[in-house]
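K.L.:
Starting off with a structure, shown below.
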């Protein structure tokens, strides 16, 4: 009781006992009420510890308040008690419980008003864009503030990582807040590589723009002076409006928010794209029985973001569906939390819940409580538990020093001094907190308590110096320890001033020396001669014992040697007394909290065997790391393990330790990549002084989150399992762990932040452990700043070794070579080889790609062609003549060194593009002619058929994105193309909304469109109706044309396809026509290729068509669907399809469309019933808005017996639908039933058994299916009933999926029926007879009949086979006249029989076989029986 009564103490307890239970009553609150309240909280799964603070009481009140209306008297009493306790904690004066409740209500009303006011302020503030505001300049005019490179980078990163998942929409909405149409088009341009998605977006924008123009017609008459014109749809999309016009509309009075309107259109298009990529309904998101609640919530909100609904509806979905669709374990907890629970509270409450593991933990917890109670009752008292022992030797709990397995520490276990044991120690206080002293030359560094806490990698407790009070007995009892530790760095020799015998001397602190050796000093005391060995040989010294030495205010007494030493040395015999340690600095910054993924545990992978030399190498490496504090030993209580191994360093005999963290990486939480890419020197501004630094042992300088360290455990085995393996865990960021880069970058950024704020004139580029520091200061001043930076980093535990400290140019940084006024890539040497392997060529291409960013003209296309196909890395690849020529050209380019210059923000960016031929392009970005910032190349072909203008557009897009990332703005382009050619192409290209600023530059070869297709039919020109057909089996085909002037032609083709024949027909028409021609085709494939106006292709046939198109003056190409009603096409179709294809005209299209509008048949059913090609049937389904809500369900035949049915109840519109599915065929019987009772289920089962052969029904464990009525019906109809596994939807998988499919079909036909029961039967009919697919391409109705008929035939056949097997056969082989047998008779046919003689199976003609009945053993072998008992 004492523990629970400690909720209040001192004066608060007195106040508590003065409060009356009721107004005017005699009874007052006592300690027993607190004890009762804490026990009640246990009952309601709330933490009793919350009662100890006002904040905790407030949390309890929030949880209990929703249950007051419907709760029991105990809940109300508990609420009143906690409310009174809250007032006592807050020192609110009250006389009784009623006053406490009034005070609580007053506080809650006040908080609610404040929250509403804050929400109102937030709404008011949200009206103004905070992201890209249109700000006013000094003249009061509105000016535009463009998107930042960081915003565009974030947008590109989201698309790359999320790939149009639902998260993309809120991210786009957030990033584009307040953006103008021009900003929005820039965002779309940066992801223009996603052509299919962008085409869908373009269509949506065009539709919305057309709708805008329809709703907002243009006013007749001229615009009044000073009045702004009204925006059209194309103006809102940024196509026909300028930036100034957009600003004018957005800031006018009244404003027209063209940016928000355009943004809304884009979001509509993004929603369509998201639905295509993520066709999952929110109703289908249910938590699996063993699925962690966090994963379920992630899936739920991902689907919710893709839903087309208002925010109110989405809020309702979150409040109801999230709980409703959780698994039973989580649902129980969520309902107990109440309706007002936040998502964070739900996730905390449900953490680790679900599955057998959760049930095992609950059971174990209950059992442990029972066990503990029994033990305490057996003891008969409530004394404290047995005190945990602690080892004097290793400091760990659980054992004493006598049983310690660790190596025995030198000196006394009590005080740490050498020369005596613990039993002889005179110290009064044991010093478990060993000293952690180090020395600094000038002044001690003050560390904050937080920094001190993180300073030790192995223990998070602060370490106290000898003589200071222990944390528990500090001056103020708070456990703080003085942390004025002297410290000295190792940038130079660690020399300190010492006092010995009243004399001052300078000495070197040497952790490698055993003894203290000094020279030129006289000590007035006894000594004895001694010989010691050193680096220079042996020297004679005088040994003085018990000599006092004072170093940095610390005193020590020990042995001192005096002799001719080159330098005074303080050895370990003195350093250990002073508590001096050699500290490898580990950053004192706060650790970043890290967790495993929800529901996952750490890796438990066994260590694989290692060779002796690897074990020795790992043992040595780990011993050094342990001494440095990077790792520490763990015992058997840590159950986790990750394999470790060793490899030899490149070109070295030294070993390197590697830990295989792949499994831990899978289980560790995800991290956001802090840095989106590496910095580029072309983006650096020219600086007067530059320094490049490298952080040494980067990862090993940052501490790992303490609670996560146990998961990094690894084991070093012993040879032949001689001893148990030595187990370690990491205290710092491990190499190879997925979180190390992100945490290091984050830590480094925090550390550099104060230095950057203090020194804004210093530019620091940080990428992992590489630092580029630039300034316009004079060199001496700059170096002082560098020294200050290095000291700042060292304070936080980051060393910057002299070895990698670059003070003078050229600076080697990130693979680049930096000079004061120029930069280049580090020298590249191309190898000279006779034989090239795949790996050699890969490395060569990598080097050339790296060089191409500053060396213009580099080409790699022919070299890359050598790598096509699946080849091993060691395969020898002969260089083609083209590849040799390309390599020779590249070598010539690399002979002369080329340099780039630095960026000047005051000058304009210019990008110039040149065509190199063979689909290769090169470009330079510069600010002054012949002084390139950087260069690059482009050699991608995104499609098989392309043209130069399209490729140039792709180059422009790549350069624009690259420039935005490096400089934050797009350059002005100089392109080798005439403006008319460019604008002709871009008019039809989707990105017409964003055209960069550019000018024509006459750099041969120029880009041009070699031909142009007409938009309207050419009057007077001959019209060619073309068609082609191919037989899939024979690969033969025909192509031909018919003209409006009576000409016709057909050619036969071999080894062809339908697509090739369609293209060949167009080629024939072009070849045989005049300079002007109209061509009509029915091939969307051919039309798509030619309308893109390619001037090169991978297809020889398309190249021939291009050659013919270039010769023409005018060409008009048109498409007609299915040739219907077009005479010319009807004629040519008959010509080319004769003997090639059976169905030519698709007369069934209208009937199929009518059928689909009524029944919403799937494409297979329509293709089968109306003889339609699959592409046409699919197009009918695709054009139906009701069939595009979700992807079409795939139906397959399950391997189950013909008599098995699955039954389940589903709910729709508040009514119950009982569904039965024939498992083998997918056939459905369903009807709406009045109530979910056993009687209704039994009646339905009897009806089902009267229609179909039902042998087994499989149901869930619902009360209706486990009722006596259902059991009786099953007994009467001789049906076996089986039950599913509780909470496992997979056990009812067939009927569960059919429930979804049935609801989907009901949704498609619901508006055709007044009542739900009618719609259900219509949906059953459609599913059973209007949807085809699966094995055999049958509908479900056809399939069940086929299965039952086949089953009957099989059974009858089996009876015949059984009957036949009662006969034996005597037979003759070919010319052998002797009868053989008897043999078994597996099968009897009309002209032959199948016999089995021993293990051999033969087919024998009936005329050579005699079949007799098997009468038993006595008749076997009797020759005459063969004649008498002949069955024939």
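The backbone N, Cα and C atoms fix where each Cβ goes, and this holds for glycine too.
Under the heading active site, for protease activity, Swiss-Prot lists 510, citing sequence analysis as support. Residues or ranges marked as Mg(2+) 1 binding site by Swiss-Prot: 694, 769, 770. The Mg(2+) 2 binding site annotation in Swiss-Prot covers 1027, 1062, 1082, 1133, and the record cites similarity to another entry as its basis. Here Swiss-Prot flags 1018-1141 as domain 'RNase H type-1'. Annotation comment: Swiss-Prot describes 7-31 as region 'Interaction with Gp41'. According to Swiss-Prot, the feature region 'Interaction with host CALM1' maps to 8-43. The annotation region 'Interaction with host AP3D1' is assigned in Swiss-Prot to 12-19 on the grounds of similarity to another entry. According to Swiss-Prot, the feature region 'Interaction with membrane phosphatidylinositol 4,5-bisphosphate' maps to 73-77. Annotation source Swiss-Prot lists region 'Interaction with human PPIA/CYPA and NUP153' at 189-227. The region 'Dimerization/Multimerization of capsid protein p24' feature in Swiss-Prot is assigned to 277-363. What Swiss-Prot lists as region 'Disordered' is 443-483. The region 'Dimerization of protease' annotation in Swiss-Prot covers 486-490, 534-540, 573-585, and the record cites similarity to another entry as its basis. Among the features that Swiss-Prot reports, region 'RT 'primer grip'' is placed at 811-819, with the record citing similarity to another entry.
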K.L.:
Which residues of the same chain, at least 6 past either end of the region 'Interaction with membrane phosphatidylinositol 4,5-bisphosphate' (73-77), have a Cβ under 8 Å from a Cβ in it?
P.N.:
40, 44, 64, 67
K.L.:
Can you work out which residues elsewhere in the same chain, 6+ from the ends of the region 'RT 'primer grip'' (811-819), have a Cβ less than 8 Å from its Cβ atoms?
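P.N.:
Non-local partners: 678-679, 681, 684, 690-692, 767, 770, 772, 825-827, 850, 899.
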K.L.:
What residues in the same chain, six or more past the boundaries of the region 'Interaction with host AP3D1' (12-19), come closer than 8 Å to it by Cβ-Cβ distance?
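P.N.:
Cβ under 8 Å, 6 or more out: 28-31, 34, 84-85, 88-89, 91, 94-97, 100.
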K.L.:
What is the average pLDDT across the region 'Dimerization of protease' (573-585)?
P.N.:
77
K.L.:
Going by DSSP, give the three-state secondary structure for residue 694 (Mg(2+) 1 binding site).
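P.N.:
In the DSSP reduction, residue 694 (Mg(2+) 1 binding site) maps to strand.
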K.L.:
Within a 10 Å radius of its Cβ, which of these recorded positions (510, 1062) has the fewest neighbouring Cβ atoms?
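P.N.:
Among the recorded positions 510, 1062, the lowest count of other Cβ atoms within 10 Å belongs to 510.
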K.L.:
For residue 769 (Mg(2+) 1 binding site), what residues in its own chain, 6 or more apart in sequence, show a Cβ-Cβ distance under 8 Å?
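P.N.:
The answer is 694, 695, 696, 698, 744.
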K.L.:
Which sequence positions outside the region 'Interaction with human PPIA/CYPA and NUP153' (189-227), separated from its termini by at least 6 residues, show Cβ-Cβ distances below 8 Å to it?
P.N.:
152, 155-156, 159, 164, 233-234, 236-237, 261-262, 265-266, 268-270, 272-273, 276, 942, 954, 957, 960-961, 964, 990-991, 993-994
K.L.:
Residues near the Mg(2+) 1 site, 694, 769, 770 excluded, by Cβ within 8 Å of the Cβ center?
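P.N.:
Apart from the listed residues, the neighbours are 693, 695, 698, 767, 768, 771, 804.
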K.L.:
Mind telling me which of the binding-site residues 694, 770, 1027, 1082 has the densest Cβ neighbourhood, counting other Cβ atoms within 10 Å?
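P.N.:
Top count of Cβ atoms within 10 Å goes to 1027.
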K.L.:
Measuring Cα to Cα, how far is residue 510 (active site, for protease activity) from residue 770 (Mg(2+) 1 binding site) in Å?
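P.N.:
About 32 Å separates the two Cα atoms.
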K.L.:
Does DSSP put residue 1062 (Mg(2+) 2 binding site) in a helix, in a strand, or in coil?
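P.N.:
Reduced to three states, the DSSP call for residue 1062 (Mg(2+) 2 binding site) is helix.
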K.L.:
Between residue 1062 (Mg(2+) 2 binding site) and residue 770 (Mg(2+) 1 binding site), how far is it from one CA atom to the other, in Å?
P.N.:
59
K.L.:
In angstrom units, rounded to an integer, how far apart are the Cα atoms of residue 770 (Mg(2+) 1 binding site) and residue 1027 (Mg(2+) 2 binding site)?
P.N.:
65
K.L.:
Which of the three DSSP-derived classes (helix, strand, coil) applies to residue 769 (Mg(2+) 1 binding site)?
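P.N.:
Looking at the DSSP assignment, residue 769 (Mg(2+) 1 binding site) belongs to neither helix nor strand, so coil.
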